[in-house]
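As given in Swiss-Prot:
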- S468: active site, proton acceptor (ACT_SITE)
- C46, C119, C191: [2Fe-2S] cluster binding site (BINDING)
- D78, D120, K121, E442: Mg(2+) binding site (BINDING)
- K121: N6-carboxylysine (MOD_RES)
Amino acid sequence: MGSKEFYGGIEKSPNRSFLKAMGLTDKDISNGLVGVGVAWSESGPCNIHALSLGNKAAEGVSHSGMTPRLFATPLVIDGMAMGNEGMRYSLPSREVIANTVELTIKGHGFDAFVGISGCDKTTPGMLMGAARINVPSIVMYGGSTLPGYYMGKKIAVGDVYEAVGSYQAGRMTVEELKIMENSAVPTAGACGGLYTANTMAFMSEGLGMALTGSASPPAVDSGKTKFAFETGAAIKTLVENDIKPRDVMTYEAFENAITLLMASGGSTNVVLHLLAIAHEAHVNIKLDDFDRIGNKVPEIVNMKPGGPYTMAELNEIGGVPVVMKKLLDKGFLHGDVLTVTGKTLRENLNEIKILNIKQDIVYDIERPKMRTGGIKILRGNIAREGSVFKASASSVMKHTGPAKVFDGEEAAFRALMDNKIERGDVIVIRYEGPKGGPGMREMLAVTAAVVGKGFDRDVALITDGRFSGATRGIMIGHVAPEAFVGGEIALLKDGDVITIDGENGLLKASVSDEEFNRRRESWRPPEPKYSTGYLSQYAKLVGSASRGAVLE
């Protein structure tokens, strides 16, 4: 039901009175109403500029001949919540954002949706909401921060997390750490590396839901403001041609997005998010699809944390379209899929020119960074439903060692700080899954400390929780089934030998089925951590990470 049904006719005079109280005219109302959703907050720098971009998008909507209505969505700044109780709210915020889009658009009879996103969960939340309401929709990522500098070297906030471990290991002074802290995030915008926010920005173009080239301009770049206006203006074409999100986000579009994820070596969180968006779009993709595509697509993007570059530098050579053009030209993408431009992906990329310059930000397909995709799906007797490994950010593909088991992130972090972790160990952090956490926290404080102590080649970590996109090293997340529901990770003990084999997709413990069954007899699920509030509700409804951790 759109604005004509909500506000048309004599009987809807009272409804129109509310619109006219805000200065709208009959013509404004008859032009059609577009909800412009902005993930804006003063909670952190990732989204502090988003309101100005939302206003510019609203100008574009007006310029197209439709009437914009701005609204805000809530958000959680992952980097600020990291290592704290607040991180439990990060993944659940994705569902709240999707719900906010649905409530606002459907609750007010808006005809279309324009989304301006930013930090990690805002882009997937908006795409989930768009797929669910299935009215003409378009999104634009608000952009990342510019690189910071430390002693003449470009840095991002992930370097500060690792510096904490370096300080604890005596490899950095507190004064040096403070200098890095003060300079890592110099402007508004999301984290600059190919972490979750920027990987989801890649996905917005890969799915066809954002204008070509709109993802990469930094938050403070004038190009981002231009794209905000053009994004708003583009909604009229979508409405006139009745192009809806499920017309764009097809199975082939998701294959394109997974291909782009593998070629970029982006954040493992995006596996969760693509599964969740597909769920809302009624598209059946599974972890097997990531495995299948990842085994044939080379990794060609050389950005942090697996490389030295940031989104700002990718933008200098043409942005995400350069990556997609290289993939399309070699037959890795479906070129005939529809996009929010009203054109096919191939038509959009036909206009893209790859600069003939010497650079190592995006490799050629023939000479890739890795022969296969940057994310591996691992399975075995402690991950029967699967787990994820960011191979692009690890120089080690195989590791075998004794388990040191911790119930929760804090216990593992204390063990690291107390020098109780030795080279060769496999840290196991459990009861951090979607239900058990609840909220499936990211383990960046621990993983960064592992790297900061110089253990990134010698210590592995497995968890039913998540990892920040800034994570690097031998880190395996999303282990499913999770501990809280009785997954085998709940049955591991100190000293169990864990084998990680990224090349062959294997994650297993040297524990027989019979021994696991014996241990299960004495296992009991822990009491839920929350009995009231949103996290209590979330824990009751959320499903497995292997299905995107959606509410079921």
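Cβ from N, Cα, C; glycine included.
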Where E442 (Mg(2+) binding site) falls in three-state DSSP terms: strand
C119 ([2Fe-2S] cluster binding site): tally of other CB atoms within 10 A of its CB: 29
Three-state secondary structure, K121 (Mg(2+) binding site) (per DSSP): coil
All-chain count of other Cβ atoms within 10 Å of D120 (Mg(2+) binding site): 33
Sorted by sequence, non-D78, D120, K121, E442 residues with Cβ within 8 Å of centre, Mg(2+): V76, G79, A81, M87, S90, L91, C119, T196, A197, N269, S468
Cβ neighbours of E442 (Mg(2+) binding site) where a neighbour is any other Cβ within 10 Å: 32
Sorted by sequence, non-C46, C119, C191 residues with Cβ within 8 Å of centre, [2Fe-2S] cluster: G44, P45, N47, I77, D78, G79, G118, D120, S144, T145, G189, A190, A197
